[in-house]
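Enquirer: After the C-alpha cells below, expect a handful of questions from me.
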Amino acid sequence: MSRVYNFSAGPAVLPEDVLREAAKEMLDYQGSGMSVMEMSHRSSEFEGIIQTAEADLRELLQIPDNYKVVFLQGGASTQFAMIPLNFMKNKVADYIVTGQWAKKACEEAAIYGKANVIASSADETFSYIPDLNDLAISEDADYVYICENNTIYGTKFKALPDTKGKPLISDVSSCFLSEPMDVSKYGMIFGGAQKNIGPSGVSIAIIREDLLENEPLEIAPTMLKYNTHVKAESLYNTPPCYAIYICGLVFKWLKKQGGLAEMKKINEEKASLLYQFLDESKLFKGTVREADRSLMNVPFVTGSDELDAKFVKESKAAGLMNLKGHRSVGGMRASIYNAMPREGVLALIDFMKKFEEENR
Ligand SMILES: *Cc1c(COP(=O)(O)O)cnc(C)c1O
C-alpha cells in the first residue's frame, strides 16, 4: 500500500489513524456483528455513536449550553437556503461577500428576501478580507453572514465584524476545528464535514437557542426547518450514519492531539513553513494579502500558465496530489487541513525548491 500526500480542497485528507480504526471496525462494530453502515439509526449502538460525537464536539469547541448541535444532509450548500428560510423574519439580511461560497449564499437568500452586500472583495478576485470597520449593518437585518475561511481564494477573517447586535452566521466549512473559536460570539456556525472534519454527506450546524424561536417562512419544507432536526436530535429521518461515525472518530483523534489549541499551533507552524518559502521564492508567489492568509488553503502561482501546468503535472508524478488551483484563480492551491502531516508540507516545499531550480 502506498499513500500519497493529498492536498485536495475537499473531500480531503483524513487522519490515517482514523481510517485504520474504521477499517478495523468495518465488518464488526464493537461486537455488534455488523458494520456501522448496516445498522439501524435507531439502534443503541448508533445512538451511542451520535451522542458521543456530539459530546466530543461540544468539548472540543467548548460549545455553551444554550447552543444546539445538529447533523444535517445536503452539504453546506443546503444551509445557504435553510438560513434564510428559518431566520429571515424581516426578510432582510446582510452579507459580506469574500468569495464564491459567500456569493452563492447571498444569491440564495435573495430568493427569499432582501440580501444586502455590505462589503465585498470581488474587485481584486477576493484576494483580501474587506475592511470591517463601520459596516453599514441594516437596521432591520435578521442576521449578518460571513464565510470565515474562503476555501477557493485562501483568505480568512482574523477578526469578526461588529454586527451591532445582529446574530452573526458563519460558514466555517474549511476551517472547522482548525483552531479554538468563541462560539458565544455567533448566532450560528455551520459547515460541510468534507473539508476539515470527515467524509462528505454530513454538515454540522451549531445554533443559538433564541434563533430557533423564530417561525420559519411559511414555504419552508419540513426537512429544511432547523427545529425538525433539533427536536429529533438529528434523528428525524435517517441521518448520514457512516459519515457521522467517521466524524466521531476524528473528534476523538483531535482530542488525542491535544484539542484545538494544539491544532492551532500545529496548523500555524505548517502554514508558516509554506508561506515563508513562498515569500522567499523567486518563482512562486502567494496570491493573498499577507494579513488575511488562511492557515488551511494556500493558493500560489508562478506567473506563467505553462509553468503552472508543468508544476501540477510533475507534482502529481511525485505523489503530491490535487495541487491544481480553482479555475477562478488559476495556478496552484495547497489545502493543508488538520489531517495533512507536517511531513506532507515539507515534501511539498522540497518539491517546489527543486522545481524552482530546474525552471529558473
Ligand atoms: C466546499 C464549501 C461549500 C460547499 O459545500 P457543499 O457541502 O459541497 O455544499 C460551502 N462553503 C465553503 C466555505 C466551502 O469550502
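Note that Cβ sites are derived from N, Cα and C of the backbone, with glycine treated the same way.
Note: TrEMBL annotation is automatic and uncurated.
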Enquirer: From the candidates D123, D171, D279, give the one listed by TrEMBL for the same pyridoxal 5'-phosphate site as A76, S77, W101, T151, Q194, N237, T238.
Expert: D171
Enquirer: Taking A76, S77, W101, T151, D171, Q194, N237, T238 as the record's pyridoxal 5'-phosphate-binding set, what's the max Cα pairwise distance in Å, rounded to a whole number?
Expert: 30
Enquirer: Mean pLDDT, the domain 'Aminotransferase class V' (4-348)?
Expert: 98
Enquirer: Here are some binding-site residues: S77, T151, Q194, N237, T238. Which one has the most Cβ atoms within 10 Å of its Cβ?
Expert: T151
Enquirer: Which three-state DSSP class does A76 (pyridoxal 5'-phosphate binding site) fall into?
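Expert: Helix, per DSSP.
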Enquirer: When DSSP is mapped onto helix/strand/coil, what comes out for W101 (pyridoxal 5'-phosphate binding site)?
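Expert: In three-state terms, W101 (pyridoxal 5'-phosphate binding site) counts as helix.
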